[in-house]
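**Q** Got a structure for you, questions after.
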Amino acid sequence: MKKTYLIWLAFHCIVWIFTFNDLYPFLNEWQIGSVSFFLLLVFILPLFKDREWLQTAIFGVQGILSLLIFYPDGDGFPRYILLIHILIMAEAVFYLSRLKSILIIAIISGGAYFTFLQIQSTAGSFAWYGLIYLLVICALLYYQTLHRKVSEVQERNDALQHEYRRMKRLLVTEEEQTRKDERMQIGHEIHDSVGHKLTALVMQFEVFRLSAEEKDKEKIAALKELAQQSLEETRRAVRSFKGREVGGLQGVIRLIRKLELESFMKINFIVKHGAFAAPLTGEQSFAIYRAVQEGLTNIMKHAHTKDAQVLFESPGGSIFRFEVSNVTAGKVYFEEGYGLKAMRERLENVGGILEVENNDREFMLRGVIRLTDRSGKR
């Protein structure tokens, strides 16, 4: 209501400035008091935005006050009362239901008819003003009908979007649960089949070593050690299958998919050659995931558009660079908050840096991480 109220307030200011400038020398104390009370009602109207009957009462009182302010003292119809009446009826049609807005229109029309009875006007003048009132009322009621149809369509559309998002969230949840169940099942199968067989193999190697000749014990011990290492690797694989999938570059893909489905963001995801093959550690992958998540969340909350671009690249295989950007309609005010500070610290802890670029065309977060080579050097 805030934006529309300011528009109506601007209309009132324009009309009343011209009205007061023209009528002020001829207004008495009662009329000046009525103008003040009328404008007071204009200013307090937003306080009752959820109370339609009080709004109806305010518009009705404004209609009565207009009669006191523009009470005819001559032969002509007050020229400014038409503009004031149109404003009151238009606001009533915009804010109120059909029945209550018709009630206000009836009050305004009755007041205009009463004003005509107090002056000596010709039949032509009465017909002309009556036609203007009739056309305005028909136009306002027609607008109200169209507006309510559009509102109903919008409400149905919002309900469909809400249901669509709910179904998408349910689908994503079911997919994650299915994937988790499959990983658990694979982990159990590996543990029950391969794990048990490797355990039995280790025990058999130990029994065989104890009964073997001295010259063969070293070879058998080496085979047992190899089987033991295979068993440990199998157990680590089982633990990783049972663990929850969090973070990493694959997590970024799931995050982008989730934001596109639930928040209707349009994300252009660019992966250049070598990005997915970059030798990132688990901590580095998780830091990249959190940084991209924070950047996309900020765009979703603060940007005027929901279009974003995410870029992954690893030029030369020595660094990993990611960018999260969106187009802006001019340079936006920027202040580094807690989220960006935490993102910067997380990247610095894994050997990376964070850069923020804010210009007239786009807002960009750029992160660079130095990669570790095969020998463990950076």
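Note that Cβ sites are derived from N, Cα and C of the backbone, with glycine treated the same way.
Not measured: the values here are computed from a predicted model.
This is the feature table in TrEMBL:
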- 5-24: transmembrane segment (TRANSMEM)
- 30-48: transmembrane segment (TRANSMEM)
- 53-71: transmembrane segment (TRANSMEM)
- 77-95: transmembrane segment (TRANSMEM)
- 102-120: transmembrane segment (TRANSMEM)
- 126-143: transmembrane segment (TRANSMEM)
- 143-177: coiled coil (COILED)
**Q** Could you tell me what the rest of the chain brings near the transmembrane segment (5-24), counting residues at least six beyond its ends with Cβ under 8 Å?
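**A** Distal contacts: 35, 39, 42-43, 45-46, 80, 83-84, 87, 91, 94.
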**Q** At a C-beta cut-off of under 8 Å, are there same-chain residues at least 6 beyond the transmembrane segment (102-120) that contact it? List them, or none.
**A** 56, 59-60, 63-64, 66-67, 70-72, 74-78, 81, 85, 88-89, 92-93, 96, 126, 129, 133, 137, 140-141
**Q** Averaged over the whole of the coiled coil (143-177), what is the pLDDT?
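**A** So the average pLDDT across the coiled coil (143-177) works out to 85.
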**Q** So what's near the coiled coil (143-177) in sequence-distant terms, Cβ-Cβ under 8 Å and 6+ beyond its ends?
**A** 93-94, 98, 101, 257-258, 261-262
**Q** Sort out the residues at least 6 away from either end of the transmembrane segment (30-48), same chain, that have Cβ-Cβ distances under 8 Å to it, and list them.
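**A** For the transmembrane segment (30-48), the far contacts come to 1-2, 5, 8-9, 12, 16, 20, 54-55, 58, 61-62, 65-66, 68-69, 71, 91.
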